[in-house]
Every structure is written in C-alpha cells, then in structure tokens.
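Asker: Just dropping this structure here.
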C-alpha cells in the first residue's frame, strides 16, 4: 500500500539573513511524506531563493505530479527532475528503504557571525577538531582579511572554511589575501568561490597559496548532460549542497567519485528546516563520517519544524500545523 502527502511550510527567519543581496524574512518549502507497507518517511523540497533555478511553485507542481505517479507504483527518474524536488523526494524514498542511519553527524563547523571578541571563547571551547566557517565578501576585503587573520593568529589549532559566494573581483580577492599572513594561509582549509569566474578563482589560488573549493561551479556543472567531476580542476574540495545538486543517489555517486579523485567532499545545507537539516546530518554520517559537515544554519531561523536540532532552544512547530497541498486518495 502506498500513500503520499505534500505539506507546504513557512518558517520565520532571523532578521539578518540576506541571500544574493535580498533579505529573507521567511523560509518556505514543502515536506513530502511517503507511506508504504506500514513505514512512513519524509523529505524536504525547498528551492533556495537566488540560487535554485526552479521556483517554489515549479517545485510544488513537479512534486505533486511525481507523487501521483509514485502512489500508482511508477518509478521516478531522479535525474530528470528539478534538483530540490529530486533531493527531497529521493530522501523520503531513501529513508523508506531504511538506507538512512538513525545516527547523525551533528558536529558541525560553526558559522562565525558577530563580534570576534565574543566568538573567540566559543571557538576555544570547541571539542576535538576546531573547524569554523566565516562568510566573506559581504564587507570590504581588507576587513575580511584582518578578521580571518585575527582568528587564525589567536587560535593556533583553528582551521577556517571561508565562503565568498563569488563576491570579489580578482583585485579585491588579492586585497583580502594581503591581510592574511602567508604563514597562516595553510590553516584556511578552503575558500569557496572567491571570484566571479572559475578561472579567476584558480589564478587567485595559484597567486596566494590559499586553497579554494567549488560550490556554485559544481552546481552549474552537474546540469550538463556530459558532466564529469574530473573536469573540475584546480581545487582540492567540493562543497555539496544536495538541494542544489539533485537526488541523494546522485550525491552518493558524486562523493564516491570525489574519493577516487582524491578530492575532499563536504555536505552543506541550503537553509533547510530542522527536519531537512537532521536528515542531512544523518546522510553526512553515512557518506562522510570523518568529515565535519557545513550544517550550522539553524541559528538563522526563529522556529524549527517537527524534528528539533540537537541543543537548539528554538520553538518547534508541528508538521500537522502546516497546510496540506495534496494528499493521495487511493493507493496500491
């Protein structure tokens, strides 16, 4: 017996969340719920504004059409769907197959925002491997460089992951690097997408010795029918945001290929709700158990959805309180 429900959720965001220069006041998305043979599983479909090509409406319509096929017993062609739809539906399918472990990798790289004087004690108290993330490119590159230098200089055992979201011209990227001491640059694990083109980013890495990572470049490349990971040269790390990449099966294959190429792979969030974030933590535990995932985004929300994130004090809203967009009537 198969049954499916499609919910639409809305969650309030913290006032300071800005995506591609647009303020995000609430996060909207869908939760798909699949039931088969007495087992129920869920997945989150939430296109990321400014990053996903598909709109929320596009995703909802496609999800409903696929669910109508699924309850009739049809298989889903994952790679033919919008990435957010493929990921959310496949995650529910994956959980239904009992392929997703109960245990999750909740040791995440904390996202550093706010006053450095307040952050340093927090980072000092991190257990084990001290890895943190800093968003750069929002302010002047000199300020960013000085801040990164301060963190690395103050904590000799700290490693930083930086994300510029292609904000810099080559000149601005080099200006940033000038304010990070050469002796400290090796503790920048990677800098995601410093410049507006991959070739500029690679040139920056060669000039400065700062390792870079592909994020948007990977998202764009996987859309090509002839995509091959080995063609994405010049980096040692790929950042995988499943909502922007596609199905969980595609994510699995991408990680396996990265391993054969000697690339580091990191699973990262696309501002999923606590429900989706918990599933990403479980997926990270299964596929990359020794890698710190980039999932420290729950603090950007003002509420959680159904499944609370460990140690978060944010209020939790029930899935049943969200609107039902579609529900199957008959099933096999």
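Every residue number used here counts from 1 along the chain in the order it is shown.
Note: Cβ is positioned from N, Cα and C throughout, glycine not excepted.
Under the heading active site, proton donor, Swiss-Prot lists 135. Taken from Swiss-Prot, the feature Mg(2+) binding site covers 163, 192, 215. As annotated by Swiss-Prot, active site, proton acceptor applies to 241, with the evidence given as sequence analysis.
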Asker: Which one of the binding-site residues (163, 192) has its C-beta surrounded by the most other C-beta atoms within 10 angstroms?
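Answerer: Ranked by Cβ atoms within 10 Å, first place goes to 192.
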Asker: Round to the nearest Å and give the CA-to-CA distance linking residue 241 (active site, proton acceptor) with residue 192 (Mg(2+) binding site).
Answerer: 13
Asker: Can you name every residue in this chain, apart from 163, 192, 215, with its Cβ inside 8 Å of the center of the Cβ atoms of the recorded Mg(2+) site?
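Answerer: For the Mg(2+) site, the extra neighbours are 162, 164, 165, 190, 191, 193, 213, 216, 239, 268.
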Asker: Can you grab the distance from residue 192 (Mg(2+) binding site) over to the residue listed as 'active site, proton donor'? Cα atoms, rounded to a whole Å.
Answerer: 9
Asker: Report, in whole Å, the straight Cα-to-Cα distance of the residue listed as 'active site, proton donor' from residue 215 (Mg(2+) binding site).
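Answerer: Checking the Cα atoms of residue 215 (Mg(2+) binding site) and the residue listed as 'active site, proton donor' gives a distance of 14 Å.
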Asker: With an 8 Å cut-off on Cβ-Cβ distance and a minimum sequence separation of at least 6, pull the same-chain contacts of the residue listed as 'active site, proton donor', or say none.
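Answerer: Within the chain, the residue listed as 'active site, proton donor' has Cβ neighbours under 8 Å at 111, 113, 162, 163, 165.
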Asker: Within 10 Å of the Cβ of residue 215 (Mg(2+) binding site), how many other Cβ atoms can be counted across all chains shown?
Answerer: 25
Asker: Neighbour count, 10 Å Cβ-Cβ cut-off, for residue 241 (active site, proton acceptor): what number do you get?
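Answerer: Its Cβ has 25 other Cβ atoms within 10 Å.
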